[in-house]
Amino acid sequence: MYKVQLLSCIALTLALLTSSAPTSSSTKETQEQLDQLLLDLQVLLKGVNDYKNSKLSRMLTFKFYMPKKVTELKHLQCLEEELKPLEEVLNLAQGKNSHGGNTRESISNINVTVLKLKGSETFMCEYDETVTIVEFLNRWITFCQSIISASSS
């Protein structure tokens, strides 16, 4: 009787292990998602840097929360939490006369990609400091680059 339960337990454990084990295709998919996230962050940074001095100086007055450490995909939760304020600042800078389509599209892409990359795990961000929009985007770009280079080596 115990033998059947033990075998069932072993079979269930093996099934769980094989279904959660990373595969080369999931690694490739993660790599592609990180590349997309990096590209979208760079597009936003380029847009910020293209603003005229008066708009840029106004944008630099807004501060964004940056976590103490950003080393794992779960830390993308912290980026996700700052996406709405980021979008609002970018929309303010664009003004009422221009279309915020590119900004909205980039933010939406970032949100979708972050949700895929971080998974369903909920993570409590420990914020360390506030930074300008340029520093914020640069740090997240650096994070993506470090994860990409670590996974490709």
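Keep in mind that glycine also has a Cβ here, set from the backbone N, Cα and C atoms.
According to DSSP, CYS125 (disulfide bond) is assigned to coil rather than to any helix or strand. The disulfide bond annotation in Swiss-Prot covers CYS78-CYS125.
The O-linked glycosylation site annotation in Swiss-Prot covers THR23.
Annotation comment: Swiss-Prot describes ASN111 as N-linked glycosylation site, evidence class sequence analysis. According to DSSP, ASN111 (N-linked glycosylation site) is assigned to a helical segment.
Under the heading signal peptide, Swiss-Prot lists 1-20.
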Looking only at CYS78, CYS125, the disulfide-bonded residues on record, which one has the least crowded Cβ, with the fewest other Cβ atoms within 10 Å?
CYS125
By a simple count, how many Cβ atoms lie within 10 Å of the Cβ of ASN111 (N-linked glycosylation site), its own Cβ left out?
16
